[in-house]
Amino acid sequence: MLPTLKHSKIDELDALTITSPDYTATVLLQGAQLIHFSTRTEPDNWLWVSDKAEYKVGDSVRGGVPICWPVFGQFEANPQQVKDSFANCRFDLKQHGFARNQIFDVNLFNPLHVNRRLEHFSSLTLSLPELEDFHPKLGLQVKFLFSSYSFSIALTTTNHSDETVHFSQALHTYLPTGDIEQTTIKGLDQVTYSDALDNWITKIQQGEVTFSEGVDRIYHAAPALIVVEPRASLPHIESKGSNSTVIWNPWHTKAHEISQFGAEDYKKMLCVETANAHLDTVSLTPGESHELSVEIMHLAFF
């Protein structure tokens, strides 16, 4: 049976759900935000979504994979060339840009997509509609691939203006964990990172990443990662078009400052973000495109 696409409402927000015998995925049209993915063999949501999440027009939902674009983090913390590119932008760029609050158009749903390895996927392509008075003129397309063992998200930015544009971005993936203090991330040993909680000092990771306090780090030129946590399967994360990986957990010290976030939520989640951020930004000449992507699969299927 081919996968099906169904439209629904979650409170105020329009959602698209793809259902097949092997997997289920739900994407919000606001922000092109994936909030659920599960498979027949791994029926729990592969993504973390807060129990306090609010599905309101104009507000990003806490969890899933929000898209941070065309800036990552606080606008004023971005390099000067990024700030200069968006100096005349009328949209709110204060925190993580504005794409996560915009309604995306549906371009294409392909229930049966076969790649070069003859693996079967369904694909969903969304795009940001042309926005009046958005300068510089950038196009944004989001393509999702779903299969019985993985999902991927590809974010393609195209420069339609007549000048070079510099921007930052991220696929802000929230992952669930049974116990954050027992969770580790493999693959970052000896990788240089900037520590946002320690005045952006540059450090070198020693061994696996562990969690015993708040973590907010941007790792530079990070390889594929494996998240080891107290559940049966191990998420394997592979990023492309990215030279920075953000690892974040607010801990109890900042949990109360975060919207749509419970006091104990920090124990059950972590963010592993595929990014072009901090020192790693993207420059596009007129007509040029850039693709940022992440694929998440569970090692239980290897």
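Glycine too: its Cβ is placed from the backbone N, Cα and C atoms.
Positions annotated as active site by TrEMBL: HIS172 (among others). In this structure, HIS172 (active site) belongs to neither helix nor strand by DSSP; it is coil. Within 10 Å of the C-beta of HIS172 (active site) there are 23 other C-beta atoms, taking all protein chains into account.
For GLU273 (active site), applying a Cβ distance below 8 Å and a minimum sequence separation of six or more within one chain yields CYS68, ALA170, LEU171, HIS172, THR173, THR245, VAL246, ILE247, TRP248. The active site annotation in TrEMBL covers GLU273 (among others).
A helical conformation is recorded for ARG100 (substrate binding site) in the three-state DSSP classification. What TrEMBL lists as substrate binding site is ARG62, GLN95, ARG100.
When secondary structure is read from DSSP and collapsed to three states, ARG62 (substrate binding site) falls in the coil class.
On its own chain, GLN95 (substrate binding site) has GLY73, GLN74, PHE75 as residues at least 6 apart in sequence with a Cβ closer than 8 Å to its own Cβ. Within 8 Å of the Cβ centroid of the substrate site, not counting the listed residues ARG62, GLN95, ARG100, the chain contributes ASP59, SER60, PRO66, CYS68, HIS96, HIS172. Sequence-distant contacts (6 or more apart, same chain, Cβ under 8 Å) of ARG100 (substrate binding site) comprise GLN30, GLY31, GLN33, SER60, PRO66, ILE67, CYS68, TRP69.
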